[in-house]
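Each remark here refers to the structure printed beneath this line.
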Amino acid sequence: MEESGGNIPVNPENLTLDLGYPENCFWVKHSEKSPYPISGGDMKTVDLPNDFFDSVLCVPDSRLVKSGLKATNNGDYFLLFVNAGGETIQSLHFPITFKEDSFFEGGDVIQTNEFIIDGGDYSSLYQSARFGNFSYKFSNLPFGEYYIDLHFAEIVNTNGPKGIRVFDVYVQDEKVLSELDVYAIVGANKPLQLVDIRVSTTDNGLIVIRFEGRSGSPIISGISLRKAPKLSVNSQAIICNKCSSALESSPTQNRARNARFLTKYEKQVQELTIQCKLLSDECHEAWMSQKATYDQLEELRMEQNTKLFQKENLELTLESQMEQLRNVTKMYEHHKRKWAAFMTDIEKKVKAMKEDHCQLFLEARQCTSSIPNMNKMITVVHTLVSQYDDLKSKYSEEMTKRKNLFNLLQETKGNIRVFCRCRPLNKEEVLSGYQMVLDFEAAKDGDIGVITGGSTKKSFKFDRVYTPKDDQSDVYGDASPMVISVLDGYNVCIFAYGQTGTGKTFTMEGTEQNRGVNYRTLEELFKIAGERKDEFEYNISVSVLEVYNEQIRDLLATSPSSKKLEVKQAGEGFHPVPGIVEAKVGNINEVWNVLQVGKNARSVGSNNINEHSSRSHCMLCIMVRAVNLMNGDSTRSKLWLVDLAGSERLAKTDAQGERLKEAQNINRSLSALGDVISALASKSSHIPYRNSKLTYLLQDSLGGDSKALMFVQISPTENDLGETLSSLNFASRVRGIELGPARKQADTSEIVKLKQTVDKLRQECKAKEESLRKLEENILGLENKTKGKEQMSRTLQEKNKELEEVLQSKVELQNFSQKQLMQLSEKLKGREEACGALQHKVKELENKLADSQHSESLVLQQKIRDLETRLKEEESLRLNAEQKVKERQHSERILEQKVKDLEEMLRKEEEMRDIMALNHTADGARVVSSLERKALSRESTGESDPEILRSSCSINRPMAVRDSIFQKS
């Protein structure tokens, strides 16, 4: 007889095609029988132990696939495919449709555009995911069994590290994944699939998948459901070797055979239990032996520690003796240095006393000899002082005469001087064909002609006329004398007037390569101040203002102020602006930085005449405070450098809105300046300075006690003829003003201070005379002290003799100490020799102890290794025994299930026989006799070959495991 098995037929509609997972599967949960062999797994890329994957996969026959989903022709076998965290994906080339994410509870959505490595044919599936603590519920499913596939990809923590995202997965409250770390298995932006999770629906057709985080938040990219095939059941029967007919056995025979198998298995279990107990006893004995060896090792360590303690005691004793010897030596050296220093100090004191004695003697002689010449010296000093005062007064007179002459020279030229400067034609004017309407034939004599039409020419006379060929240095050469007037204490104002686009800003400021009047004036100011530093002390400060729409703005202010700046009337002709920034400057570089700050803050705009027109009056104020170091006179003067805004007619500029308002304010302030000029020209008793903020600020520099220089800027083209004539007429009116003589701005507060200084010097002179009288008294006192010093010198000589005697005794004591030191040195050598012998003995003992410890340690280590080896072998035997016991128990359970199935089959066959016996009694009797013979033969076959049932149990073992899993769910 032989054993054969047949499979229960399965409905083909319930089967699914092979999805191609085995070729990329690298780990399958250990089970008795896997649905697919592991042939394509790449375990080299996974640096994790096998136990790790067994612990991760909690369901038999589930598999991990290290690649993305492949496109096959089995898309219809997916009942549902959810794109977690994404929208519906409908592919025209592939049969699978991915549903949008709508079955979840909780969690958040994340998406990425990074490339998915090994993403398969549906890499977009892994570019979206749901993360957090969430769950999925699939309801209204037909009752039955399904396969669930889970798709993962780490698209968030792409730089790791491992362990940052670890989570569990539960299906129907049964854990299917434990502590899954996607990054640790495949890395970042790579797919990982868990396939073939077999699950049964609940009674109401519900499947629940739950994700719980261990470390970090869980993540999922896709979930698919497939219909699972029905499990096949292998029916086994005993086949006759002769006729190949199936033989049936009675229930009594089956129970007897099962009882024999159970008895046999129980005996084997008892034998394995006894063997396991024996192995446990051997392990215990090995552990006791190891413990005894460890106790011996501890005793050896204790003995070694005792030896080390003795050695340390010897070293401490030796160290204490050496320390005592060193202390004695140090004490001797200390006493030796102390006595030597004491002797050196005494010698120095004696020498210093002798030098003091000689010095006092010389001072006394000099004082005695210098007393007759003291009156002559005082007379000579008084003579020199009077000569110095005379020279000082003469120099001051000469300086005053020079200033007066220079001021007189400037006044002969006029306190208000007018220079006319014409710009050259620009490129646009040359291309447009504009003609020049100015005549510069008599420019050297200060005359300029304007061709008004045809042969008509109108002439104007000024202090200086510059042609378009004259450069910045020529312009400043005529304005430089004004700088000397500022340093001499006079108020000066230099301003540029003219139409927009005629070069006012260029004349006043210039460029970095071609400096204008402002920079050159300040450079000359610091140059002359440096030349006069021995005679005058100058303090220079700079302020930069802007008059924009009749409002004063401080261009050096770091932050805008809500308070308006106003001009205040002060004494002595000054009109300060409270709250304005005055920058103290010490050199030209600091001045340039201040000018740049003010230039950047200035208001500019564009019109039909000039694209970058100055829309305000820029005013640079230089305050100069000077102190004459010769006579103490002080002055305070002011220099205004003003770049006026462009004057033009409103009809020509076509200004509108804000530009119209600006132009109106500019023309109003320039008109006020014209009114002031007219009043000054007509010598009116009232000068309307307050009609504009511009004239109010310049009041102290446009009056009769100051000097002014005006640059009138004109355009040479016929297109600007009207504005040119207007500017020249205004300049002619200014030149006709006759101001009174300029007055030096004396600082009366400084005069008061100088008077106080003179009084203080007089008091100091009296104090000096009193100190001279006291000096004469001190000379007499010095003579008396000299006599006392001589007496002290004699006393010191006597003390010196006594100290020499003491020194002699100390020398003898030192010799005695040296002898004692020699004796101590000899004793020290003896101690060192004894110490060396002790150290040699200690080294020998250490070597012996080390050798004995090394040999004993080697023996003990060998014993420990042997015991560990035996313990490992016994542990492996014990584990094998336990595994065999588990396998036997598992086989018994399967055998019991098989017996029940066979009994059920026998019961059905008996019922069939009973039915057949009613119709065919005679034939039934023959069948019964035949069945009894077959049962007897089957019983004998079961006794001779008990492995038949065992093999059948091993074949159906995966089926039983699956049944147990789904019974739990």
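Cβ coordinates come from backbone N, Cα and C, glycine included.
Listed features, source TrEMBL:
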BINDING   Gly498, Gln499, Thr500, Gly501, Thr502, Gly503, Lys504, Thr505  ATP binding site
COILED    311-338  coiled coil
COILED    744-919  coiled coil
COMPBIAS  932-941  compositional bias 'Basic and acidic residues'
DOMAIN    415-737  domain 'Kinesin motor'
REGION    932-955  region 'Disordered'
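Only residues 6 or more beyond the boundaries of the coiled coil (311-338), in the same chain, are considered here, and those with a CB under 8 A from a CB of the stretch are 814, 817, 820-821, 824, 828, 831, 835, 838-839, 842, 845-846. Local packing around the binding-site residues Gln499, Thr500, Thr502, Thr505 was summarised as the count of other Cβ atoms within 10 Å of each Cβ; on this measure the leading residue is Thr502. For the recorded site, Gly498 (ATP binding site), the DSSP three-state label reads strand. In three-state terms derived from DSSP, Gly503 (ATP binding site) belongs to neither a helical nor a strand segment and is classed as coil. It is Gly498 that, of the binding-site residues Gly498, Gly501, Gly503, has its Cβ surrounded by the most other Cβ atoms within 10 Å.
Cβ neighbour count for Lys504 (ATP binding site) (all protein chains, 10 Å cutoff from its Cβ): 28.
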